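Right, one structure below, let's go through it.
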Amino acid sequence: MNIVLLGAPGAGKGTQAAKLVEEFGTPHISTGDMLRAAVKAGTELGKKAKSFMDAGDLVPDDVIIGLVTERLGEPDTEKGFILDGFPRTSAQAVALDAELSKLGRPLSAALLIDVDSEVIVKRLTSRRMCKDCGFIGSEANEQCPKCGGEMYQRDDDNEATVRNRLDVYEKSTSPLIDYYRGCDLLVSIDGDRDPNVVYADVKKALEL
Ligand code: AMP
């Protein structure tokens, strides 16, 4: 499976990707996770990206395209990949097409997880992540239910930044829905349900 996960921040892309990874072992390429790791490690990339991320704005295309191109060159992606949070602009989608055609590994689907924006604001401002294993939970989880690790709130999950991220999504990323529809790759599911119910639909939509 060579897939792109589309959907607003907080739609559940990371949660569904984690379930696919658990069942199928396909490499999960989350640009947000890669950037957060770079910020934490204090690399040049992290220093460049941090101010954009804190504001909920997009990191410049050339930076992110370079990062994903490099990752797709690693051998584990030959058996498939799940792109999560990339592409987010038309320029990124075009660059991805060019890279995948160079590699001879076309996309099999672009899966849109569709959730209303007010539901997203509530979800993201109450979202908590595990410091150790990355589990995505909510403020109801004092400790990680998966590994017992400490839960924290992402810097960009405050309401003002969340609203900006949703605006950025509407302006820059949502046009990709039509782009992938035009390529006959778009499949869409309702993401405003229990994650396990959504996952059953994800597998149906991807014919897994
Ligand atoms: P995410 O975890 O996918 O919500 O990403 C967190 C933040 O990382 C975003 O708000 C952006 O600042 C940055 N980011 C992640 N992926 C991309 C991308 N494909 N293009 C530009 N910026 C990105």
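Positions of Cβ are set from backbone N, Cα and C atoms, glycine also.
The record from TrEMBL ties G10, A11, G12, K13, G14, T15, R127 to ATP, and of the options R71, R193 it ties R193 to that site too.
AMP is bound by T31, R36, D57, L58, V59, G85, F86, P87, R88, Q92, R154 in TrEMBL, and the record lists one more residue there from R163, R165, which is R165. Around T31 (AMP binding site), the C-beta neighbours below 8 angstroms that are at least 6 residues distant in the chain are I64, L67, V68, D84, G85, F86, R88. C144 (Zn(2+) binding site) has R127 as its nearest neighbour among the binding-site residues G10, R127, R154, going by CA to CA distance. DSSP labels the residues of the region 'NMP' (30-59) in these numbers: 23 helix, 1 strand, 6 coil. Between the binding-site residues G10, G12, G14, the minimum number of other C-beta atoms within 10 Å of a residue's C-beta occurs at G14.
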